[in-house]
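*Asks:* This is the structure, below, for whatever I ask next.
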Amino acid sequence: MDHPSADTQPAHPAGDDIVLNGQVIKRSDLTRATSGIPAPWTAPLTPPLIIRDPKLAGLYAVRVAARVPGRLLGAALRGTGVLGNQWWMWANAVNEQNRAFEAGRYDTNMMAALDALRTQRRTASAKVAGAVVAGSVLLFALNAWPILAGAGTIWVAVAAIAGRRTPEQLRALGHAADAGRSAVGAAGAPAVDASVSSEQLTEAFIAASIIKAGQEVHLDAARLPHHDGTALIVVVRLPAGRTHKQVIAAKAALASALDIDERWLDVERVPGTGRHVSLWLADSDPFDRPKHRSPLIGADAWDLFHAVPFGTSIRGRRVALPLIFTSVLVSSMPRMGKSVVLRLLAMAAALDVRVRLYLWDGKGGKDFSPFKSIAHGFGRGVRGRTVEELYTALCALVAEMGALYEWIDELDDDICPDGKITPEMLDDPSYGLTLKLIIIDEVQRYLEDPVWGKLILEQLIELAKVGPALGFILVIATQKADADTIPSSLRDQLGTRFVLRVMTWQASEAGLGTNTHVAGYNAAEFDGHHQGWGFLRGAEDVDLGGDILTVRSDFADVRDARQVVKRALELREQAGMLPGQQRPGAPAPVIADPRERVPAVLAAIAELAAEAAGEHLPRLSTTAIIAQLELKMSPKALGGMLADWGCPVGRQTINGDEVRGPATADVLAAVDRIVSGGAVEVRRAA
């Protein structure tokens, strides 16, 4: 077929951008053109070049002989680490525990079963290790070197197989972040490059001023970079003299050097070494994870001697909070999750029939209303007699604590070797011991009370100082933990801190401790939608990488709390642990000294009034009271307190001098009224 001439072709064919010229040929012509090409199976077999060329074969053999021993040794070392890690997870039942958490079955029975499983596996491991050591010593003593060499060869082979890298794994090390890049690339989020090297990390650490020029960081050979499904994990070995604290403090600069959002980077120390840190580089924003419902919602019971399921770390690992032998401070701005945290702890206490629960909510809402039916002390708001009732309850607890210390001092050392309450003592009904969880939300509202604030503070300090050893657990929450709101005399006794979002770094340090924001922990950097996220300090979770963890607390609403309390009511009714009931076999409860109800200032003024009554003086002078008692308040403020106690200030001429102050008889009558069980606060007009 002849081609058409150029002038007969359309210059702009409709619907096409490209014009293709072609030629039609016959099938017979195509067959004749290809008939001369031989079929593949008719071609003679030719051996590879490496076999035909002896010189090339020799070079290849030398190359293999030089590279294989090093690769074999590297694979064996990696395999030893892999096998050791797998053994550790097996011996500690890590997978079983994680599955129990995910299924919501992590209750007391499950914890006991896991403890038994760990003991069994560790015992078996110890027996196997002992047999291996004994066998090796015996073979060495018998000079059975062939057997030892064979066993060593077998071990190297097994470890090398466990530590080998498949082509897929090698490609994964180079492209592990591609999935995260494709998932979040549309949003413009930075993608993590998994092909990280020691040289790249060294440049980043120098740029972040963590190390000096000329120093180097190295990847940990036993824990190579890997992807856990949500982030790239890199373990870095620092040069001598550098610590994980310096890396954490410079996290923002390091994130900038690695070209990743600071919130997507987490730095943890590696337990057991002072020069290794673990870098966790997320594929997406970890703060956007959905809420995790508390496993306590489905638990049948709980043992408060076990740590309470608390939340999830930024790396997605479960975090538990121990409550025994500690006191807790929770601090945040409003609507960030303080009450939810307290509700979780109250739910755990409700499911342990050996715990007496005391709840005061300074906010006055319904956050804790489900617990009213099982609480031995309960109050909402700061109106009426609620504040006075809180003070009375605290006085009774302090008195009970003092009596328990005297009782424990008489116990045999075999029963109580450390002067602390033990699970065995708690389970023995003849002792009648209980744990006491005292939860106070918005504690600043009670401490700001002009009459009761200082008195309540004194009792809280006493409980926080010496109460934890006997099972008096104090948990307080506040919007601001500064020295004006919570004095250091109380705050310093609270060993566990959880600080959610606050307004300033000063407020963050007030909750977490001095210089924590310089060390890289600033709760003011959380966003408004980061509800439940906070810094947890003092939980002693060493396995999770440090003293301060970034954690999102579990979630449970009021409806969940009602479900838990419904089960708790049945348990406590059977155990005789509802309010007003006495635990079977328990001794008579400790009755607080009625004089403990008298405010300390009023008691001191009463002593002056008694002296004045002996001298037949009908009235005291407020100015003289302030001077003699060295009170740091004005006469007007003292007069207001006296009026609240039923001792109004008046004027009277005594021995030619005008005296302004309370009547002596009113002061002594107020003390008698309080000691006899009457109200402390009875305001009367002057």
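Backbone N, Cα and C atoms are what each Cβ position is placed from, and that goes for glycine too.
According to TrEMBL, the protein has these features:
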- 128-161: transmembrane segment (TRANSMEM)
- 316-509: domain 'FtsK' (DOMAIN)
- SER332, MET333, PRO334, ARG335, MET336, GLY337, LYS338, SER339: ATP binding site (BINDING)
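Mind running through what each feature is packed against?
*Replies:* Beyond its flanks by at least six residues, the transmembrane segment (128-161) meets 72, 75-80, 83 of its own chain at Cβ-Cβ distances under 8 Å.
Close to GLY337 (ATP binding site) in the fold, though at least 6 residues off in sequence, lie LEU500, GLN531, GLY532, GLY534, SER553, each with a CB less than 8 Å from its CB.
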*Asks:* Which three-state DSSP class does LYS338 (ATP binding site) fall into?
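*Replies:* Reduced to three states, the DSSP call for LYS338 (ATP binding site) is helix.
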*Asks:* Cβ distance under 8 Å to LYS338 (ATP binding site), same chain, sequence separation 6 or more: which residues?
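*Replies:* In sequence order, VAL330, SER331, SER332, ASP441, ALA477, GLN479, LEU500 meet the Cβ cut-off.
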*Asks:* When DSSP is mapped onto helix/strand/coil, what comes out for SER332 (ATP binding site)?
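*Replies:* Assignment for SER332 (ATP binding site) reads coil.
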*Asks:* On the 0 to 100 scale, where does the mean pLDDT of the domain 'FtsK' (316-509) fall?
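*Replies:* The answer is 89, the mean pLDDT of the model over that range.
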*Asks:* Between SER332, SER339, which of the binding-site residues has the fewest other CB atoms within 10 angstroms in the structure shown?
*Replies:* SER339
*Asks:* Starting from the Cβ centroid of SER332, MET333, PRO334, ARG335, MET336, GLY337, LYS338, SER339, the recorded ATP site, name every other residue in that chain with its Cβ within 8 Å, sequence order please.
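*Replies:* Other same-chain residues near the ATP site: GLN479, LEU500, ARG501, GLN531.
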